[in-house]
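A quick write-up on the structure given underneath.
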């Protein structure tokens, strides 16, 4: 019995490395505009996870077939717009954000997606103004 449990665990561990783990994941966006009174927290989904990549350190000898660079990116995305509270009449209170409906492993489309990772400051401060939450619901 113990051997079958250990074998099953080992197979699951090995198989999980071969299966891409690229899925929509809950994420909170923080939007703060200078002219508005509040910082807004918007709950949405983004694509996040592991995708198989390979990069040879001998590109000249190996050629492009040994260069596979894929990331977790949008397959289907929906854009939603919210009205930011506390904005004066002269300011545009609309903010549009993406909601990942499905994801896949592939190359990032720089024409439509943000492909660069932006490092956070790490201090935990996300807003300098009072915080308001906006929750999205799937239609």
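Cβ atoms here come from the backbone N, Cα and C positions, even for glycine.
Record features, source Swiss-Prot:
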- 22-72: disulfide bond (DISULFID)
- 36-87: disulfide bond (DISULFID)
- 39-127: disulfide bond (DISULFID)
- 47-103: disulfide bond (DISULFID)
- 51-105: disulfide bond (DISULFID)
- 108-115: disulfide bond (DISULFID)
- 43: N-linked glycosylation site (CARBOHYD)
- 1-20: signal peptide (SIGNAL)
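Sequence features annotated in Swiss-Prot and their locations in the structure.
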residue: 22; record: disulfide bond; Cβ neighbours (10 Å): 21
residue: 36; record: disulfide bond; Cβ neighbours (10 Å): 20
residue: 39; record: disulfide bond; Cβ neighbours (10 Å): 18
residue: 43; record: N-linked glycosylation site; Cβ neighbours (10 Å): 14
residue: 47; record: disulfide bond; Cβ neighbours (10 Å): 25
residue: 51; record: disulfide bond; Cβ neighbours (10 Å): 18
residue: 87; record: disulfide bond; Cβ neighbours (10 Å): 17
residue: 105; record: disulfide bond; Cβ neighbours (10 Å): 19
residue: 108; record: disulfide bond; Cβ neighbours (10 Å): 17
residue: 127; record: disulfide bond; Cβ neighbours (10 Å): 14
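Within 10 Å (C-alpha to C-alpha) of residue 108 (disulfide bond) lie the following recorded positions from 36, 39, 43, 47, 51, 72: 72. Here residue 22 (disulfide bond) is compared against the recorded positions 36, 39, 43, 47, and the shortest C-alpha distance is to 47.
Closest to residue 87 (disulfide bond) by Cα-Cα distance, out of the recorded positions 43, 72, 127, is 127. Residue pair residue 127 (disulfide bond) / residue 105 (disulfide bond) shows a Cα separation of 32 Å. Taking the C-alpha positions, the distance from residue 47 (disulfide bond) to residue 72 (disulfide bond) comes to 6 Å. For residue 36 (disulfide bond), the spatially nearest entry among the recorded positions 43, 72, 105 is 43, judged by CA separation. For the recorded positions 39, 43, 51, 72, a Cα to Cα distance of within 10 angstroms from residue 103 (disulfide bond) holds for 72.
Between the CA atoms of residue 39 (disulfide bond) and residue 72 (disulfide bond) there is a gap of 29 Å. Comparing residue 51 (disulfide bond) with the residue listed as 'N-linked glycosylation site', their Cα atoms are 24 Å apart once rounded.
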